[in-house]
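Structure first, then comments.
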Amino acid sequence: MEKTQETVQRILLEPYKYLLQLPGKQVRTKLSQAFNHWLKVPEDKLQIIIEVTEMLHNASLLIDDIEDNSKLRRGFPVAHSIYGIPSVINSANYVYFLGLEKVLTLNHPDAVKLFTRQLLELHQGQGLDIYWRDNYTCPTEEEYKAMVLQKTGGLFGLAVGLMQLFSDYKEDLKPLLDTLGLFFQIRDDYANLHSKEYSENKSFCEDLTEGKFSFPTIHAIWSRPESTQVQNILRQRTENIDIKKYCVHYLENVGSFEYTRNTLKELESKAYKQIDARGGNPELVALIKHLSKMFKEENE
């Protein structure tokens, strides 16, 4: 018996829907709404843009979890541990193209161009991240930041870029978006290795098990070139809690967490200055303040 289009759609989207029902922070949606303080995009267009950004973000998480061999996402089993890798890859790719289909409904000649450019950026950043990890090549801090701007900046840039197509506000927001992109990713890196809440939601220090070069580990590796401890731990892809606790202790001792916190504080105040220079934005400031609590409270 021929399956109806609706049934097929349901089967294809099941892994994606599974991820959607997990509790998320909705940071991207809040960010778009905050930027609308300046951009004043019509509500119907804004809703489509928010939907597209969320679709792409969530689809990229499905793929991320496969590429990173993750066990948990938001404290629940990753989609591919339930549905299998082939179904999840297909589901995520399907959602990318549903996102493209939605972008077409915006009816703007530049929308697809922007979509394509930002998705290429996203994949370039992601590809570099994986390459460094799997070839045991530690990037410099500058190389890492450039990669982050492609990876996190890809979707940030898409949301705000699409919004600007429907706005009279034409000021260049890229410098601010870059600051926010770095802030979000470095905060995430810090949380993965240092925050209690994160270790309850993801397996403890998952970035170490994954072998990922993140902001604190890159600092530790370059600031102590005579020691190869961190590289060796990352190379092992270890799930051993004691080794991971030792690594966190080492990062603390060589000042990598302090360096990361200071970098985050600098990015935070840089963002406030950039926001002020554009006439202020209370919603955006409130969002950044909320996200900054994590690396301040912990250490007080």
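Note: Cβ is positioned from N, Cα and C throughout, glycine not excepted.
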| remark: isopentenyl diphosphate site partner of Lys25, Arg28, Arg74 according to Swiss-Prot, chosen from His37, His57, His108, is His57
| request: Could you measure between Arg28 (isopentenyl diphosphate binding site) and Thr152 (dimethylallyl diphosphate binding site) for me? Cα positions, answer in whole angstrom. | output: 11
| When you measure from the Cβ of Asp64 (Mg(2+) 2 binding site), which residues in the chain that are at least 6 apart have a Cβ under 8 Å away? | Ser70, Gln126
| query | Around Lys151 (dimethylallyl diphosphate binding site), how many other CB atoms lie within 10 A of its CB? | reply | 22
| remark: Simplified to three states, DSSP reports Arg73 (dimethylallyl diphosphate binding site) as strand
| said: Give me the long-range Cβ neighbours of Asp68 (Mg(2+) 2 binding site): same chain, 6+ apart, Cβ under 8 Å, in sequence order. | reply: Glu206, Glu210, Lys212
